[in-house]
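Following: one structure in structure tokens, then a few remarks.
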Amino acid sequence: MNEKLRILFSFLCFFYVLLVSPSQSNGQDISLSCGASEPAVDQDKKKWEPDTKFLKTPNTVHAPATYQDPSLLSTVPYMTSRIFTAPATYEIPVKGDKRHMLRLHFYPSTYTGLNILDSYFSVAANDLTLLSNFSAAITCQALTQAYLVREYSLAPSEKDVLSIIFTPSDKHPKAFAFINGIEVIPMPELFDTASLVGFSDQTSDTKTANLQTMFRLNVGGQDIPGSQDSGGLTRTWYNDAPYIFSAGLGVTLQASNNFRIDYQKMPVSTAPADVYKTARSQGPNGDINMKSNLTWMFQVDTNFTYIMRLHFCEFQLAKINQKVFNIFINNRTAQGDTNPADILGWTGGKGIPTYKDYAIYVDANTGGGGEEISLQMTPSTFGQPEYYDSQLNGLEIFKIDTMKNLAGPNPKPSPMQANEDVKKDFQGDKRITAFVIGSAGGVAAVLFCALCFTMYQRKRKFSGSDSHTSSWLPIYGNSHTSATKSTISGKSNNGSHLSNLAAGLCRRFSLSEIKHGTHNFDESNVIGVGGFGKVYKGVIDGGTKVAIKKSNPNSEQGLNEFETEIELLSRLRHKHLVSLIGYCDEGGEMCLIYDYMSLGTLREHLYNTKRPQLTWKRRLEIAIGAARGLHYLHTGAKYTIIHRDVKTTNILLDENWVAKVSDFGLSKTGPNMNGGHVTTVVKGSFGYLDPEYFRRQQLTEKSDVYSFGVVLFEVLCARPALNPSLSKEQVSLGDWAMNCKRKGTLEDIIDPNLKGKINPECLKKFADTAEKCLSDSGLDRPTMGDVLWNLEFALQLQETADGSRHRTPSNGGGSVDLGGGGGGVTVNISAGESDLGDDLSSEENSGIFSQIVNPKGR
């Protein structure tokens, strides 16, 4: 009995030592909620402890945030902060011979007595500079995020203590530093050497390097929250859609749910299995693939070397030399010529993942995109492979430290941010809170340890899996991204009628600014009239051209639509959505301020116009751009967003003919792609209105698809959606076009300027797509992803017929996906079979796949 008591006493003393001695907690994950007074749990069930016992600097300030941004899904650790007006140090015990992951969490909100725009500071980890003269407020504005995570991978050192030093800038008289959360996680050594791109015989040593995570993407798949990461590293993997460049989006591939990933060549902690179960490829048509590529673009800081880690796993093919492709990074060959990429050649079998590391130096003196890293993949003909295609499953980009420095400059503020008058006097917080931890001795401490241990074990038994999405925002973005959304102010003033939610999302203009920019709403500046009111051309901030939509007091669209547009559009940033700069709600006036679209609306270029006629190829590119914007609304945001007023006057064109969807006053958030609907009062524009929605008052994203089908016929036929002057059967363009399509007389009603200029196969694909959009039942209509795929295919057919070698780049770019991650055409791989969905007929499927399997068929 005495022996059992001795063992129990030793066991409890061991846990007592772990509790009261920070120096013995090395090797464990540490998550600090800075400024908190007690432990807390975030929405991913991660435990955060107060930071006091690791803080070695007295007289610091802890301050709660006074405003909670709506996008802040978890209050922990962001609603508390630690403020420093002088240099301060955290000392965290670590194992010096191990690599550690360090995450710093910043929420540049309003803290009592402080102006967040005064916050400029540096952060160092031991002798490594992480941030220098850093402004979290400016950075979050540029990235249009409410909060920010900076993640680093720190190389092993000889020190058993990680010192994290915060130093307010001496360049700003009122400067202070702040931090909301700190994570330190021991990690396995996942880095070795990387091939230096462009120099076949040189490598870059990453085993001893300190790294900053710039991008971490699940290519072709959905976001993977930290709670579902492998190896306990709690990394978040984001969908790659926002970084795809050019018109070729490819298709996404997905393995079956029971497909097994075999980590025989690398540790499980390299990446979770879900990364290797999805991929993006160029698509099923090898002939088209040979004339195109998959391209991703990333903005980075210059004068650093970057490691691009590409993750691969083949889950469809089984033989070497079936799919071989080239890889180019910044137009330099990483894999190609006589040494192309062959996933099965690297791994030796299906379901075996691998990765390749490539190093590239980004020089500020290169010019012409020197702040970007591009990744391109094209099929290779080397060895006459069976398929002409390329594939990528995952991607990570890391910045390597230069002379113990990882810091880049702050983003360059846009003109709107630079002139925004939100400065306040820095008053400082005189309250200095000290959190003292005392240690109890003897039996009380042992019993306390035993109680904590028992509760911990019981909680472990009953804790289930967590299905919540991680609240952490992306860590990507460089120091040169610019945007206009403000995440600093929480409320509007001066008699604003807006809700706090809408008021805190973007810049608020004074009425005097708006009147000055429009010459007191001079009628000569009117460039359009809509349901909300007149649209004026204006100038702000000394020269920036904008479009200002001014409400009409007699309009049916009032405050609700005004708030809806602010709340929805200010959260969204996409190449094919018009950008909201700000609003004015003063003196009884309601105005919305947008980027100026110099080429006006799509309708202005189709009929009743003196403008030059659009070519068919340009019309296709505009339709593709608009489809991308709608597709992003349906699939790219947290919730499905249904536009509800898709028409040619709500598709705007910038100076480069890039199409942008506009006017979100009637938009609704939908049922998040679960096949449900939203019951709502019917709103929209006659001629474009979904008849099923009109009958049942049940709104789905397929209502937008119907409206877009009318837009497609409007693009083809160059006539209004409704024309009461025509005979009864011709009044509605949708009905008339469908009738002609069924009779085989569609060519009789297309725009006379296009006759003889459209490739017949392209016309058939385009018309079939528009016809499916106008199906009476929403269930029979394609998704916007399917529509986008078909329009891309139609463009390829037209370009092939025209003998075009390259796509017109003016409408390139985009941030949407054709597959499961971002929606659209997903090629679901199961038992070696591919399903392209209903958007292609069985005859078309057969033709395309026969071309792939037999290269001679190309």
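Glycine is no exception: its Cβ is also placed from the backbone N, Cα and C atoms.
Per Swiss-Prot, the features are as follows:
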CARBOHYD  Asn133  N-linked glycosylation site
CARBOHYD  Asn293  N-linked glycosylation site
CARBOHYD  Asn303  N-linked glycosylation site
CARBOHYD  Asn331  N-linked glycosylation site
DOMAIN    521-794  domain 'Protein kinase'
BINDING   Ile527, Gly528, Val529, Gly530, Gly531, Phe532, Gly533, Lys534, Val535, Lys549  ATP binding site
REGION    800-858  region 'Disordered'
COMPBIAS  811-825  compositional bias 'Gly residues'
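Recorded features from Swiss-Prot, shown on the structure.
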residue: Asn133; record: N-linked glycosylation site; contacts (Cβ under 8 Å, 6+ apart): Tyr120, Phe121, Ser122, Ser169, Lys171, Pro409, Asn410
residue: Asn303; record: N-linked glycosylation site; contacts (Cβ under 8 Å, 6+ apart): Val362, Asp363, Ala364, Thr402
residue: Asn331; record: N-linked glycosylation site; contacts (Cβ under 8 Å, 6+ apart): Ser374, Gln376
residue: Ile527; record: ATP binding site; contacts (Cβ under 8 Å, 6+ apart): Val535, Tyr536, Lys537, Ala547, Gly600
residue: Val529; record: ATP binding site; contacts (Cβ under 8 Å, 6+ apart): Val535
Cβ neighbour count within 10 Å of Val535 (ATP binding site): 20
C-beta crowding around Gly533 (ATP binding site), within 10 angstroms: 20
Coarse DSSP state, helix versus strand versus coil, of Asn331 (N-linked glycosylation site): coil
Cα-Cα distance linking Gly533 (ATP binding site) and Asn293 (N-linked glycosylation site), given in Å to the nearest integer: 44
Cβ neighbours of Asn293 (N-linked glycosylation site) where a neighbour is any other Cβ within 10 Å: 20
Ile527 (ATP binding site): secondary structure state under DSSP, collapsed to three categories: strand
The domain 'Protein kinase' (521-794) [mean pLDDT, rounded to integer]: 86
